[in-house]
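Chemist: Per TrEMBL, the feature transmembrane segment maps to 38-59, 90-109, 139-162, 169-187, 231-250, 257-279, 398-417, 423-441. Taken from TrEMBL, the feature region 'Disordered' applies to 507-552. For 507-527, the entry in TrEMBL reads compositional bias 'Basic and acidic residues'.
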Amino acid sequence: MWLPFKALNEYIAESRVGRYFKLKERGSDVATELRGSLATFMTMAYILAVNASIVALSGGPCGVPPFIRPDENVDFAEWEKCNVQVRRDLVVATAASSAVACFLMGAFANMPLALAPGMGINAYFTFNVVWGGIPYETALAAVFIEGIIFVLLAVTGGRAFIARCIPECIKFATAGGIGLFLAHIGLQSSQGIGLVTGNSATLVTAGGCPPEYRDEDPDSDWYQCEDAGRGLSLTMWFGIIALLLMAFLLMKKFKGAVITGIALVTFISWIPGTAVSYFEESVSPGAEERYEYFSKGVDPPSLSLTGLALDFSTFADGSVWNALITFLYIDLLDTTGTLYSMASFAGLMNENGSFEGEARAYMVDGMATVVGSLMGTSPVTTFVESGAGIEEGAKTGLAAVFCSFYFFLALFFAPILASVPPWATGPALILVGSMMIKNLVHIRWDNVGEAVPAFLTVALMPLTYSIAYGLLAGLGAFVILNLPDLIWDLIQGRGFQRLRRSKNVSAKEADSKTSRDDATDFDKVEELPSTQPVTPAKGQLATGQDNDLLKV
């Protein structure tokens, strides 16, 4: 690192700001947090356009979704103008709610996590709630109340208690499942490189076909590839090359590997007339509209239609309460799993199975959802894409504060920041997913009572496209399989000890296994009876069990 930057890092680390964010204590510095925040933001910048597109399909306060032509009693020109404005408002709502949420997570909870309106739950908000007959304004009121309930649960310690009741094997499985979920997203076409696509017979199959070989679904971005076109997409190969480049740079300990790969691919993809241009219709459908939006550069922010649009007048309807309960359990499980997995990935978990700032992080999650509802969008949640920044070294809330600044800029420069191509961010998601899968080694796979619930958790997260559903399946299986033992623990007055099996035990078992494998594979140490002392090879340090044996 250049001397001026090193001096600046040391100065800030010793300053009041550095001490507040515990930069030295967590082994980080400003440059690392800045680099990590850029990686996180770049991998989740797609949310600016994608969330607005999904929630705008609800029709917002316009009353009729944009793809349904209104009847003769509605002024068509005004209705069309309303839907265009709603989509623009929702881009602003996404950026503004994310900016506020990231700042609170960084400054209040000191966690390197970014928040934004959640994928999946925004689709539920639009397609199940609003399309199900609940007005957009009333649905926002349900989201508002959900956020208030989350804040109250965090203040009273309810959310932390619920989180601690989750078995350790499910927590480890959640981290691994999120890794597969991220890779699944990164391999698809909507937010990834397009290697995996849909199939009417097998649901998913190998893709990578250019637009002319696609059988498009008119109601979504889902498509099937014709056999003749599989593997011919240059953007897919461009994404694969980017993935290998990022992996190579990481292997060589290059700082900024992820953000370098994203920036390089994005810059090349912005060049018009190339075979991988994001603004060529023959490369990526919708390119003309995308380029028109990109060309604006700056777009003044507005919340004229979606801001403070909540309506509590029809809250007595039972369907509204059904929606609220669904919002609660999906968001609760989703956020709990993500927070614990990201804290573990960043190395911030303590021996008690929690992390510093846990209660504050839960409070921020609730407050962020309240803010999002006031601006007109679906629940705001912690993003698993935060793992990209953590992989770059981010360990403190300073990274989240930087992300907040980027989202603030997005209020004005959304046309540019929303134009990062999916084959630039997809490789980063795949790479982070590969790093998170290592958590699965801590699961006791020889114990069926842990192995089956853990496997269901891991498998169902990517297959159902939901962290919450995977967690729900894993928890349900664990309780059913272990119910007799849990009841016996209660009878004997041991409480729910089986649910709180120490993480250190699992880690120690994994470390012990690794040590034995290393001894077998590399040191070629002959196995001796446990009662005999073991003399380490020349130059080798005695550690773990060997050290205990030497004391005999």
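Here the Cβ of each residue, glycine as well, is placed from N, Cα and C on the backbone.
Describe the structural context of these features.
Modeler: Tertiary neighbourhood of the transmembrane segment (38-59): same-chain residues 65-68, 83, 86-88, 90-91, 93-95, 98, 112, 114, 116-117, 119, 122-123, 125-127, 130-131, 136, 139, 190-191, 258-259, 262-263, 266, 376-378, 383, 385-386, 388-389, 391-392, 394, 399, 402-403, 406-407, 410, 414, 417-418, 420, 422, 424-425, 428-429, 432, selected by CB-CB distance under 8 Å and a gap of 6+ residues from either end.
Long-range contacts of the transmembrane segment (139-162) within its own chain (CB-CB distance under 8 A, at least 6 residues past either end) are made by residues 58, 125, 129-130, 309-312, 315, 320, 323-324, 327-328, 331-332, 336, 354, 358-360, 362-363, 365-374, 376, 378-379.
Beyond its flanks by at least six residues, the transmembrane segment (257-279) meets 35, 38-39, 42-43, 234-235, 238-239, 242-243, 245-246, 249-250, 287-288, 290-291, 294, 388, 391-392, 419-421, 423-425, 427-428, 431-432 of its own chain at Cβ-Cβ distances under 8 Å.
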Chemist: Determine which residues of the chain contact the transmembrane segment (231-250) at the Cβ level, with the cut-off under 8 Å and only residues 6 or more beyond its ends counted.
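Modeler: Those are 192-195, 206-210, 213, 256-258, 260-262, 264-265, 268-269, 275-276, 283-284, 391, 421, 423-424, 426-428, 430-431, in sequence order.
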Chemist: Looking at the stretches 90-109, 169-187, 398-417, which one shares the most CB pairs under 8 Å with the transmembrane segment (423-441)?
Modeler: 169-187
